[in-house]
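Asks: Okay, these came from TrEMBL:
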- 2-32: domain 'Major vault protein repeat' (DOMAIN)
- 46-83: domain 'Major vault protein repeat' (DOMAIN)
- 99-145: domain 'Major vault protein repeat' (DOMAIN)
- 149-204: domain 'Major vault protein repeat' (DOMAIN)
- 216-273: domain 'Major vault protein repeat' (DOMAIN)
- 290-351: domain 'Major vault protein repeat' (DOMAIN)
- 352-470: domain 'Major vault protein shoulder' (DOMAIN)
- 1-47: repeat 'MVP' (REPEAT)
- 48-102: repeat 'MVP' (REPEAT)
- 104-152: repeat 'MVP' (REPEAT)
- 153-219: repeat 'MVP' (REPEAT)
Amino acid sequence: MEATRDCIDRSGVSRVFGERWLVTTQGAYLPGVYERIVEERKAITLTDKRAVSVKAIKSHTDKFNKYRKAGEEWLITNEEAEYHICGALEEFVEEVEVTVLRAHQYCVIVNPCDENGVPQLGKKALVRGEKSFFLRPGEHLEDGVHNTFVLESDEGLILFAREQFMDSIFEDDASEEGSTKQKTILRRPGDRWMLRGPIEYVPPNEVQWIGRRRIILLDFNEGVYVRNMQTGQVRAVIGHAYMLNQDEELWEKKLQPDVVQLLSMNLDPCADRGVRSLGETSDDFDSTRVVTFRVPHNAAVQIYDYKNKKSRVEFGPHLVMLGPDEQFTRLSLSGGKPKKPNVIKTLCLLLGPDFCTDIVIVETADHARLSLQLSYNWVFDISPSCSQADAAKLFSVPDFVGDACKAIASRIRGTVASVQFDDFHKNSSRIIRASVFGLDEAGKIRDRFVFPQNNLHITSVDVQSVEPVDQRTRESLQKSVQLAIEITTNSQEAAARHEAERIEQESKGRLERQRIGDEAAAEEARRHLLEIRMQLVALESSSQAKAEAESQVEANRISSQAAIEEAKLRAEALSIETNAELQRLQLAREAEIAYLKQKNELTLKYKAEEAEIEKSRFISMVNALGADTLRAMATAESDHNLRMLKALGLQSTLITDGSTPVNLLNTAHGLIGSVYERSTCTRTKVDSENISENEK
């Protein structure tokens, strides 16, 4: 509400012009004549997960009796009120959600408030979980909530000191096994150190974590490049697990793009040496790992050390590992038909033997231009155990393929230029081999062509095709070749026909002679067969009679033995049956006796336990009643009768029936007294015997 002029409100409070106040009375409210409704405010419910931040518009005392200055902000939680309505001199700022920290979390509060709620500008406060709290006005979290650093045994944490402080660390106590001791270290601003696991660590406000380290597992043929950030020295760590310390980092080795592509493509230098296109490259090439290259068998690779300014050659099979300052010597060889430069790119040099194919255009003495497709077999004549100086000659010629093909083509052109086409067409192979290898002192063609610069040996030249370049020359040559082929074919067909007729006549004569001989042999075999059949019939009749007699005798013998065996088996069966019946009866009697014995034992045990229980019960009853109580119960009837007679005033009494004679010589008193004493003694004796038996 706002007063439009000086007045008294409904509550009887004096208001001045322009004054504002808040009405929180339940029920209907009718504004006065000089009152104006400025705003309706709803209550904000406060919970343990939500609070509200309020700002004072003017200096005043809030409803919690706290003096607030103009512009001051404060936080209201559910500990102060279940709900809150901002007063007339208060302004709602924002709702504040609770900040929850789990067991392994922490946060850093920037500009924390003191006990009076005043922000301490420039300061920081570290809060660890488990905890929940509200950020007060002016406070904020530095990078939110963080998880604590849980380091395993193979992990480390790089830390950086922003301020000077005393750091406490725990070290293994050498004097006592299995124990640790605390050590205090002074950390100055700018110090870097590494904390090793296993540990759970929360960095204090003076410390900033830079990075996390993990042990790099390396096999004996694996490694990484490590650079010291203080000295700048780069070294290769190979063959063992290693963790970078606070002054080290992984160093990326700079390689040429084509070298990286050659290292990462999936091509075998030997099996895929004829493939011109590059294979698939791997996108995850790690330049911090030590560069390795598997040199195949019968190959070599050259490595140059730019720091020491010297090279080395490694022969395969071998695994080459580059140092930080070493690089591969990349080879760019000629390829294709005809040879073109920079077609084949590789890191290793194959030592051969191998071959290469080239197309050479030559011109004869009669100006016939021919296209020759030649294949050269080559090999490097060098031993893997040679010196480094001899091995370096292999890489002295960057493109040995192009250089060799050019040298051979030059020799062939010079020789063919002095030879006629007809002569060259007839003796092309000899002319080309003589031009390439040359002639020795005896006029014979040498067996190889040697390049002394790199020890390359050309061992053979294969002429795969000879084709004229000119179209008319090619057609004329084809016609002459076809005519020569037809003449040769016809002559060969006639000779083959005559030879076939001769062979056919000879075969017919041999066949007729063979037929006559076979018929004579068949008649002789038929006669021999009839003789054998007659002998077989006679033998069969005699054998049949003998077999029948022997079979009859054997049958009688077998039947007799069977009868004897049957009688024996019946006797054994009867004996076995009788013994089994006796054993069964014996076992049955033994089982019955054992059963009766166990039954009697159980009965005796049952009776004994029952008597013991009854004895214990009677003893418990007697002990519970007591001897005096039993005695009183036994004599209760006689005592009662005696008291009744005394009450009647009788001195002696005799009670009897008509059939029992009574001796009246003695006095009644004596009679009654003796009877009473006997009955009392008898009852007492009987009771004592019963008690002793029960106790037993």
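First residue shown is number 1, and so on along the chain.
Just so you know, glycine gets a Cβ as well, placed from its N, Cα and C.
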Asks: Ranking 99-145, 149-204, 290-351 by Cβ pairs under 8 Å to the domain 'Major vault protein repeat' (216-273), which is first?
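Replies: Between the stretches 99-145, 149-204, 290-351, 290-351 has the largest tally.
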Asks: Within the repeat 'MVP' (1-47), what mean pLDDT does the predicted structure show?
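Replies: Mean model confidence (pLDDT) across the repeat 'MVP' (1-47) is 86.
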Asks: Based on DSSP, tally up the residues of the repeat 'MVP' (48-102) by helix, strand and coil.
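Replies: Per-class counts: 0 helix, 28 strand, 27 coil.
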Asks: By DSSP, what is the split of the domain 'Major vault protein shoulder' (352-470) into helix, strand and coil residues?
Replies: 41 helix, 40 strand, 38 coil
Asks: Please work out the helix, strand and coil residue numbers for the domain 'Major vault protein repeat' (216-273) from the DSSP assignment.
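Replies: Once the DSSP states are binned, the domain 'Major vault protein repeat' (216-273) shows 8 helix, 16 strand, 34 coil.
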